[in-house]
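Annotated features in TrEMBL:
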- 1-384: domain 'CAF1B/HIR1 beta-propeller' (DOMAIN)
- 65-106: repeat 'WD' (REPEAT)
- 125-166: repeat 'WD' (REPEAT)
- 167-208: repeat 'WD' (REPEAT)
- 403-436: region 'Disordered' (REGION)
- 403-417: compositional bias 'Basic and acidic residues' (COMPBIAS)
- 425-435: compositional bias 'Basic and acidic residues' (COMPBIAS)
- 464-494: region 'Disordered' (REGION)
Amino acid sequence: MKCAIPEISWHNRDPVLSIDIQPKNSNDKNEFYRLASGGTDSHVLIWYMTFNESGSINLDIAADLTRHQRAVNAVKWSPNGELLASGDDESVIFIWKQKGESEVLNIVDTANEQDKEIWLTLKILRGHMEDVYDLSWSPNSLFLASGSVDNTAMIWDVSKGKSVALLNEHKGFVQGVAWDPQNQYLATLSTDRYLRIFDIQTKKTLHRVSKCTLPVPPDNNLFDKSVRLFHDDTLQTFFRRLCFSPDGKLLITPAGVADFDGVTKPINLTYIFSRYSLKQPAIILPSPDQYTVAVVCCPLLFKLRPHSDTNQPVIPLPYRMIFAIATKTSVYLYDTQQTMPFGLISNIHYTRLTDLAWSNDGRILVVSSTDGFCSLITFAEDELGEVYVKENVTENKVEQVNKENIKPNSDAVEKPKKPASNAKSTKEDEKKKPETIITDVQLETLPIIDNAVIPEIISSDSKFETPEKINRPVTPIPIHRQPRSNLDTSVLLSPEHTEDIRLVYEESQDSSERTKS
């Protein structure tokens with residue numbers, strides 16, 4: 001594993017608020033990866049990332065999208081890789097599509113000779129009253145969920161450019177949204193300290209998770225205490241980017257805290273919920289010194305590492321999943337087979353981290369920060385393990401939400417009708433209890449990290465905006481071409497700019513060695 005920080009002007013050195021890597025399908029013959037980034041300079045940039053023979057990355061700008069007039073807080077590629085969504089501080093969401101050979105430019109979409117690609121505005125989604133903070137696509141790329149400062153989340157029919165649902169029961173900013181890969185749930189995380197789970201079909205709230213008791217033994221000081229699970233609105237972050245695992249069986253939420261009456265210093269946590277028990281976290285991942293702001297899962301599933309009968313995987317699945325958690329200034333790498341993190345990347349940025357993105361082949365993890373730079377964490381082929389091949393990732397059949405089932409003027413979505421011949425078998429299936437994939441995990445077995453083994457982390461109390469920018473007037477921002485020219489942004493990340501980092505697994509190393517080499 002190597003970590004490199006390209007010394008280029010991503011967004012004129014303004015904070016980079018969001019990044020995402022375009023999913024590559026089997027028909028994509030390009031050697032490069034497309035990376036989208038959004039920043040406070042109001043631009044959306046498309047980048048080419050290419051591996052060279054030495055395993056380093058060539059980075060070059062491909063397009064500069066300039067329709068936004070305010071800071072871009074979220075960029076998300078659709079699962080099929082064809083569309084890009086971006087949301088900004090002006091409550092507007094743009095849907096972008098790459099220009100085809102036969103398509104013509106309209107008046108508002110302009111092309112520049114320096115751009116290698118031309119991207120057109122397919123739809124403009126208007127409905128939120130305040131800043132859009134997070135976005136999440138449906139698995140079929142037909143619908144989009146958004147979270148906003150106006151205390152609402154919305155579901156959009158992208159092809160029609162219209163909202164089909166308004167989820168307005170939040171009492172605080174909606175800083176994170178996540179669409180279930182099995183197309184059953186939509187999860188939101190708000191500054192009102194609630195995790196909410198909505199039913200995609202009915203748009204009704206299934207769970208409101210704010211307080212609960214934790215699965216700990218009787219001798220633990222948290223036993224039988226009602227614990228507030230999430231930080232309140234004083235947390236100094238714009239984002240609480242939660243995510244589902246690629247198989248949809250886990251929901252991982254940042255901004256967690258163990259806060260109860262009488263506690264002097266609440267513990268920062270990240271929670272893992274099972275989709276079969278969303279009222280109470282099944283696994284708790286402590287973050288000793290810093291709160292967590294974002295989680296991203298590697299899109300691949302991996303084969304289990306060899307293990308003994310006495311050292312079974314933490315989550316009893318036939319495969320393991322890998323995910324990254326961003327704290328204020330560090331990134332932890334976990335998998336579902338062991339309790340301790342197997343990787344730690346720190347001291348890479350001077351100010352807060354804002355987002356994470358993982359390529360769908362698992363080889364590139366990108367980290368963005370308010371210091372105006374991004375880190376590229378790269379993995380050699382098979383470094384994370386051997387890929388687990390399975391025809392269907394989800395074991396349960398999931399009904400897809402089709403466009404014809406959506407009623408724009410209704411809060412409900414009609415469920416697809418089931419064939420009469422399958423009525424009996426369906427009832428029998430409903431009686432079956434869901435598969436139990438997570439057992440109670442005792443707090444003593446969880447990854448309580450020793451502060452002594454964590455390297456010194458650069459901290460900062462700076463805000464996302466400088467005092468001079470907070471009250472600046474809203475004016476169109478001109479295109480800054482000079483710092484983004486090909487000569488400035490075509491960067492070769494040579495071995496001198498990278499740092500090798502060992503991946504540490506429980507069975508191969510003593511816990512005292514779990515540090516960055």
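Even glycines carry a Cβ here, placed using N, Cα and C.
Counted with DSSP, the repeat 'WD' (125-166) comes out as 0 helix, 24 strand, 18 coil. The helix, strand and coil residue counts that DSSP assigns across the repeat 'WD' (65-106) are 0 helix, 20 strand, 22 coil. Over the repeat 'WD' (125-166), the average per-residue pLDDT in this prediction is 98.
Assigned with DSSP, the residues of the repeat 'WD' (167-208) fall into helix, strand and coil as follows: 0 helix, 22 strand, 20 coil.
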